[in-house]
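**Q** Let me give you the structure first, and then I'll get to my questions.
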Amino acid sequence: MAGTAMTATFLAVLAGASLLAVTARRLRPNDRLPSLEGWALADRSLGPLWTWVLLGGTIFTAYTFTAVPGLAYGNGAPAFFAVPYTVLVCPLVFVLLARLWTVARRHGYITVADFVRGRYGSAPLALVVALTGILATMPYLALQLLGIRAVLTAGDMYPRGATGDLVMVALFAGLAVATYRHGLRAPTVISALKAVAVFVSLTAVTWLVLVRLGGPGAVFEGAAQRLGSSALLLSPAHQPAYATLALGSALALLMYPHVLTAGFASDGSRTLRKTAVALPAWTGLLALFGFLGIAALAVGVRAPEGAAEAAVPMLVDRLMPGPLTGLVFGAITVGALVPAAVMSIAAATSFVRNVYVEYVHPTATPKRQVRVAKLVSLTAKVGAVAFVFGLRDQDAVNLQLLGGVWILQIFPAVAVGLYTRWLHPRALLAGWGVGMVAGTFLVVREGFSPIVPLGTAAGPLEIYVGLVALLLNLTVAVAGSVALERLRVPRGADLTDLPPRLTVRRRPETGANNP
Amino acid sequence: MRPAVITPARVGIALCLVAPFVAMLWVGSYAKTDPALMGIPFFYWYQMLWVPISAVLTMIAYQLWRRDQRARRRGVAAE
């Protein structure tokens, strides 16, 4: 039921977001000439607090906040792989992202493909990294719209037919305009509202759920009755899948252009390390969302067939007073806008830096680069809307699953490249190709399941496809590098000042060699 | 002489950052119901517990890193 109080709070949150977006211009302003660094990275000016809200708000998307509880509602324990996954992200941010930031800042790199270009001196490898990033980001962007739709539908605020679509388009258009004008500053200021709204509303909802249902014990008992108590626990057969999904997703996350863009926008590697310390707060939030999925089971929420992600919005709608429901729905909707904006900026920046300037218009002025990036970011958003209306929801979910497998294939070039350039760029290209083909093949063969059974002596071992593809990729890259080294195939020059190899005994002259 | 690459501080940082990987990926160690806490099966509350633990470990790593940075700067200045 769409109560007036609920709709009013919901609209108030959205209005707050729009107002904030208008003030984005004032966030760390400067009078420099327009540049891609200013538009896409907010002039690398974000301190620890802003980095925390932006990075957290970008990593923890609205889709995460609806899909994880949806999975918990439908499958029970396996959904909670999201907790180890996002716990592991923090040490990775501490080590990889901080190091990447330092190189990027020193050489003026804006995208991760810029780094690959500089490190290996290989244009094809950089192109492949950029295109993989764009390809993996697009379905993720579309999924944010699905997150909004799940919320609007559960709250009965998604009118059937064209009106509902118009509501969503209007929401997105406002964001698109703000992003067009202010770049990354727009999602940054909105992410502050997202953090406050999500943390406040979720704490309140969890509290009320616990009071209404009589404590956490009752919630788990009730859920066990509906789903069977075995579903609330991982059987030994499911454990390898759980662990590999957590690890693979964590490694993949740091390769996504939107996460890197949010990271690059911070004002120092020290800031990023500080942020990594506080990032688990967002993980705690995600775990609470997962718990609400269990609670939805306990309460007996009946989500429509094939739309488990509606379970928690329906639970909230059923149990909570109107204003709080509106706040939750508003928080999730704003929660979709932040990553969507960052994703469109990241995809556009990759396109401009690594395709447009590299291959189409090498002499483009910074001003022109910004203009093209703005148009591309707009196109990306329009594309996402078209995608959601044109294709089935399941297609977006499937493509996002593939996107995760794909983005993992740039891990060797990027993460290994941060420490050593021993891997030959051509071998990396070959490894990437093998990983992409094998990963896609396996995912499609398994009927778009992230898990693939591997036959072993002790019976089938189920593990995450992305990790299988990554292992194949690394094997090819290592073997290829050995071969190419033997054949003395030349490689491009290293333009970065990172040490060429990982040294153990002597500290290299430059750069921090952190473990 | 330059400071060694492997210092006690860096070993500490590595341990702090590797610990969550060991704990979280060793799923067999926590995929069980007992001991339950306030009715929450072990599987759930143990993973939740690792959220603050990982934050504390990262904080220790951060402090060690800062100390290491200062020591290195002093080492370079003394050269």
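One is the number of the first residue shown, and numbering goes on along the chain from there.
Just so you know, glycine gets a Cβ as well, placed from its N, Cα and C.
TrEMBL labels come from automatic prediction, so no person has curated them.
Found this in TrEMBL, in case it helps:
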TRANSMEM  A:6-28  transmembrane segment
TRANSMEM  A:49-73  transmembrane segment
TRANSMEM  A:79-101  transmembrane segment
TRANSMEM  A:122-142  transmembrane segment
TRANSMEM  A:162-180  transmembrane segment
TRANSMEM  A:192-210  transmembrane segment
TRANSMEM  A:241-265  transmembrane segment
TRANSMEM  A:277-304  transmembrane segment
TRANSMEM  A:324-352  transmembrane segment
TRANSMEM  A:397-420  transmembrane segment
TRANSMEM  A:427-444  transmembrane segment
TRANSMEM  A:464-484  transmembrane segment
**Q** Verify whether three or more Cβ pairs under 8 angstroms connect the transmembrane segment (A:397-420) with the transmembrane segment (A:6-28), leaving out any pair fewer than 6 apart in sequence.
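**A** No, the transmembrane segment (A:6-28) does not contact the transmembrane segment (A:397-420).
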**Q** Does the chain bring the transmembrane segment (A:122-142) near the transmembrane segment (A:277-304), so that three or more CB pairs sit under 8 Å (pairs 6 or more apart in sequence)?
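**A** Since fewer than 3 Cβ pairs under 8 Å link them, the transmembrane segment (A:122-142) and the transmembrane segment (A:277-304) do not come into contact.
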**Q** Using Cβ atoms and a strict cutoff of less than 8 Å, what residues sit near the transmembrane segment (A:464-484) while being 6 or more residues removed from its termini?
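**A** Residues 241, 244-245, 247-249, 251-252, 404-405, 408-409, 411-412, 422-424, 426-428, 430-432, 434-436, 438-439, 442-443, 446, 450-452, 454 contact the transmembrane segment (A:464-484) from elsewhere in the chain.
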**Q** Could you tell me whether the transmembrane segment (A:427-444) and the transmembrane segment (A:192-210) have 3+ CB pairs under 8 A, leaving out pairs under 6 positions apart?
**A** no
**Q** With Cβ-Cβ distances below 8 Å as the criterion, list the same-chain residues six or more beyond the ends of the transmembrane segment (A:277-304) that contact it, or say none.
**A** 48, 52, 55-56, 59-60, 64-65, 68-73, 76, 79-80, 82-83, 86-87, 89-90, 93, 198-199, 202-203, 205-206, 209, 213, 216, 218-223, 226-227, 232, 310-312, 314-316, 318-319
